[in-house]
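Comments concern the structure below.
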Amino acid sequence: MLLAACGEKPQFNPGMPQVSVITVQPQRAAVVSELPGRVDAVRDAQIRARVTGIVQKIAFEQGGDVQADQLLFKIDPAPYQAAYDQATAQLKQAQADLFSAKLLAERYAPLVKANAVSKQEYDNAVARYRQADASVAAAKANLTNAKINLGYTDVTSPIKGRIGKPLVTEGALVEATSATQMATVQQLDPIYVDFTQSTADLAALRAFAAGKLQQVGKDAVKVQVVLEDGSIYPEAGKLLFTGVTVDPTTGQVNLRAEVPNPDNILLPGMYVRVRVDQGVDDKALLVPQQALQRTADGMQSLMLVKDNKVEQVPVTTGSVIHNQWVINSGLAAGDVVVVEGFQKIRPGAPVQASPWNKGGAAPAGQQPAPGQQAPAQQPAKQQPAKQEPAKQEPAKQEPAKQEPAKQEPAKQEPAKQEPAKQEPAKQAPAAGQQS
């Protein structure tokens, strides 16, 4: 009977605290850095007046999307249309003068050979022809300039993007000399995310050269954006460049990522968090976040179980991957790490370890742990039926302050508790002592 009872639950000892543990094994894990960043437009076009005039029309909806070359503002074109018409007339006059001067020069050419006209008259005719030709060229330039100014009365968008509010109203005077800003158009697809990385975090990049990490992609490092509400932006971006210099005042390296933004979810000026997949470590050691302990002075440590005793070891951590810390140093493959039960243990204390259930509910082997802790704290409330396994090792129960010799004989049948040695007169004081 005693041997059978010993074989039922040998893994639990009421005198030892129960802890949940994991055995650390190397596994493949991506090296990820999560950094604060800010969204910036790929293109930011400031719409300014290029001619002076009165704004007649605003041809866009505030905050809407506009296409390249779409009309935004209409400036009064009347004076510029008149200037264009005048330049057209001046060109025609210059062309007529050129035609007349050309005929005169051609007519004098044979006459000067026959001495019918003087050499001076012929030279004057040729000079007037060349002047008329230059006047035509000047008139054409004036006409082109007038045409350009007339076109500037239609203020269009130079890029495709989203336009903000108009900075001028209909009837307002805009001036070309001051280049009055009228609106702003920003290209949002794709969009930039600017962020910085400390030089200390560049160790992962140096690991590429040492062969410790495998690069994620051939052409670019993948980037994920975490929005302000904690959700993951669905489109993945790519890292465009890494600054080759470090700001000596901040110790930061400038980085920029390009992210697709077809639905215009990301807007310039938004603050986000950027996850940069820098590489893959085939021998990463990961532990749950709750397994990491921190002291008041900032030291990080883990509780290990070796030879059924607790040992505290300092560690250094890397990034967080799916609620697990990457341990860079202080931990070895095969180490048994405590995940739950810290309030019951201390360094050097003996413990009983059981596998940790990642889902949160204690596995079947861990169920007795809370019940085993209760006898050590409140021995008076234990039921006799549950204390029967304690008869197996009476010598071990005495240090736990359970006093099996005084409690159990008073509640058990006399036939099982050696009635030949226990007299009724001696049991009465025992009951008095318990009361």
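A Cβ is built for glycine as well, from the same backbone N, Cα and C atoms used for every other residue.
Remember, TrEMBL labels are computer predictions, not curated facts.
Marked as compositional bias 'Low complexity' by TrEMBL: 358-387, 425-435. Feature annotation from TrEMBL assigns compositional bias 'Basic and acidic residues' to 388-424. Look at TrEMBL and you will find 43-186 tagged as domain 'Multidrug resistance protein MdtA-like barrel-sandwich hybrid'. For 84-153, the entry in TrEMBL reads domain 'Multidrug resistance protein MdtA-like alpha-helical hairpin'. Summarising the annotation, TrEMBL assigns domain 'Multidrug resistance protein MdtA-like beta-barrel' to 190-279. The domain 'Multidrug resistance protein MdtA-like C-terminal permuted SH3' annotation in TrEMBL covers 284-344. For 350-435, the entry in TrEMBL reads region 'Disordered'.
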Stretch-averaged pLDDT - the domain 'Multidrug resistance protein MdtA-like barrel-sandwich hybrid' (43-186): 94
Helix, strand and coil totals (DSSP H, G, I; E, B; other) for the domain 'Multidrug resistance protein MdtA-like C-terminal permuted SH3' (284-344): 6 helix, 36 strand, 19 coil
Three-state composition of the domain 'Multidrug resistance protein MdtA-like barrel-sandwich hybrid' (43-186), taking helix and strand from DSSP: 69 helix, 33 strand, 42 coil
